[in-house]
Amino acid sequence: MSSPTNSVPYGVQILQKISDKCPRLSRIIDRENLYKYSVLVLTFITYAAYHASRKPISVVKIVLYQNCSEVTTPAPINNTDPDWCNWAPFNAENHSALFGTLDSAFLFAYAIAMFFSGLIAERVNIRIFLTIGMILSGTACSMFGLAHFYNIHSMWYFIGVQIFGGICQTTGWPGVVTAMGNWFGKGNRGFIFGIWNSHTSIGNIIGTLLASLYVESNWGLSFIVPGIFIITSGILNYLFLVVHPTDINTDTHLNEKVQNGHKALERNGIRRQSSHHDYNIPEENEILKGSSEEKKPSTSPQEVSIPLGDISSKELSLLPSNKDEVKEKTEGSPILSHLNGSPKKAVGFIGAIKIPGVVEFSMCLFFAKLVSYTFLYWLPNYIKNSSTYSPSQSADLSTLFDVGGIFGGIAAGIFSDMFGKSACTCAVMLFLAIPSLYIYNLLSSVSLIVNIALLVIAGGLVNGPYALITTAVSAELGTHSSLKGNAKALSTVTSIIDGTGSIGAAVGPLLAAYISDHFGWTSVFYMLMSSNVLAILLLTRLVKRELQNVG
């Protein structure tokens, strides 16, 4: 058997050794809470990096095709060619369709692969799964930017890179939601996940700002820099991410508490006559009930009951017993977690979709992400075409939609916690988003202040339901009572909901490209408002059920 430390990420092992050499520091720091909130921070950075690497295409497409007569000609260039500033093959008249093809190549690949990614995530080491996925995602993002340096103009190259990137990106969501679900219970889950889910908007903002720094000078770096960001984040995960409470090296910590308990008994005249495996541990359900009854010492010479004092119920579940030895997952073990033994079987696709609410929320997310991703991929372009702002200014202004998304996600989580009605919360915000979209299209060009205010409002109302469904609702459904405690459904449920939503995310930008070319941007906004109406209708049954429960 491997040493206890083998189950702990290498970076955490180093920090533990440093902490062990400082006894005073060890007494001050609550390791369990330290691990718990490190997961919160690391998964936040992780998914922010995923989204940052998705964003450059929406910024760079502004300069891949533009009106060259409005662009200042660099000194060495003779501008006799009217297309001198554009990048083939996107200098064609059907450039919008080509951009839509790129968006759809990424998003359809993402949507299809997502259904399989969750099933894989149930069966593998999540930390390594995330690390590999992030390195490959960063590679795919950088490959798009390398086209600028190597003068690549093949449409098939760009489509291939987008498909590869879409598949790699599916490693993110099942991984981070599973890690969060393992550490954070149901109490105030909506609020915690609402704050945590701001990583989506923060990632979009980071990706936009990084891309806009180079978009007018060297658009290749607009992809390479976010690619390096996600690769670095993946390495950080490999070193420090503790996916599950059972992965941390608490054996030594717990044995110290047990030894202290035995010493206390010896001081009271009770001699320990057995090894550290021979103690009796109160059942976890007794602890959860708050039982204060002290167990009497066993008369058996082989068993001694000890006061475990400050050992938590979570720690008790990690202690070894005669009946059930803790199975170690080693750092050197294969990525497939089932090789180390798994107490529960994976739920599977059919079992997951039978969970009440999975289908309804999945279809609702289809339309919610259709709207959100249309803005994600086309908002900088819309602002550029409907105003006098430069490409970089349009990109920077578009980040305010994501700023609104941060507040919208937090507000949705708070309301969901307060009233316990996720479906009602989503329906109300989706309803209010309809007039906000109409007003933004009507008045965004009035002034910069009006544009900013309307972008923030629309961003909050559009992204609030999207954030709630993909986080707190997914985690709730993934631990539904019908699963009888089998937490392995969490990855599958997450992938089903997000995969269905991602199909909508793929359809939205493609429709926007076609409609804007043939009917104008006003028609695009009508399409987005209609999507919100359909999302509300899909939630009707769940809303009725929640309102009936009130009565």
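Using N, Cα and C of the backbone, Cβ positions are placed for all residues, glycine too.
According to TrEMBL, the features are:
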- 42-547: domain 'Major facilitator superfamily (MFS) profile' (DOMAIN)
- 281-306: region 'Disordered' (REGION)
- 34-52: transmembrane segment (TRANSMEM)
- 97-121: transmembrane segment (TRANSMEM)
- 128-150: transmembrane segment (TRANSMEM)
- 156-179: transmembrane segment (TRANSMEM)
- 191-215: transmembrane segment (TRANSMEM)
- 221-243: transmembrane segment (TRANSMEM)
- 358-379: transmembrane segment (TRANSMEM)
- 399-416: transmembrane segment (TRANSMEM)
- 423-440: transmembrane segment (TRANSMEM)
- 446-469: transmembrane segment (TRANSMEM)
- 490-515: transmembrane segment (TRANSMEM)
- 521-539: transmembrane segment (TRANSMEM)
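Contact count against the transmembrane segment (191-215) (Cβ pairs under 8 Å) is highest for 221-243, out of 221-243, 446-469, 490-515, 521-539. Of the Cβ pairs linking the transmembrane segment (446-469) with the transmembrane segment (156-179) and spaced 6 or more residues apart, fewer than 3 are under 8 Å, so the two regions do not touch. Between the transmembrane segment (521-539) and the listed ranges 128-150, 221-243, 399-416, 423-440, 490-515, the one holding the most Cβ pairs under 8 Å is 423-440. Taking every recorded stretch in 34-52, 128-150, 156-179, 221-243, 399-416 and counting its Cβ pairs under 8 Å to the transmembrane segment (423-440), the highest total belongs to 399-416.
Sequence-remote contacts of a segment are chain residues at least 6 beyond its ends whose Cβ falls under 8 Å from one of its Cβ atoms, and for the transmembrane segment (221-243) they are 8-12, 35, 38-39, 42-43, 45-46, 49-50, 52-53, 55-56, 59-60, 125-128, 130-135, 137-142, 144-146, 178-179, 182, 206-207, 210-215. Distant neighbours of the transmembrane segment (490-515): 96-97, 99-101, 103-104, 106-108, 110-112, 114-119, 121-122, 170, 173-175, 177-178, 181, 346-349, 351-353, 355, 358, 361-363, 365-374, 376-378, 466, 469-470, 473-475, 477-479, 523-524, 527-528, 531; these residues of the same chain sit at least 6 beyond its ends, with a Cβ under 8 Å from one of its Cβ atoms.
Away from its own ends, the transmembrane segment (358-379) comes close to residues 54-55, 57-58, 103, 107, 204, 352, 398, 401, 405, 423, 426, 430, 433, 437, 459, 462-463, 465-466, 469-470, 473-474, 477, 493, 496-498, 500-509, 511-513, 516, 524, 528, 531-532, 534-535, 538-539, 541-542 of its chain (Cβ-Cβ under 8 Å, at least six residues beyond either end).
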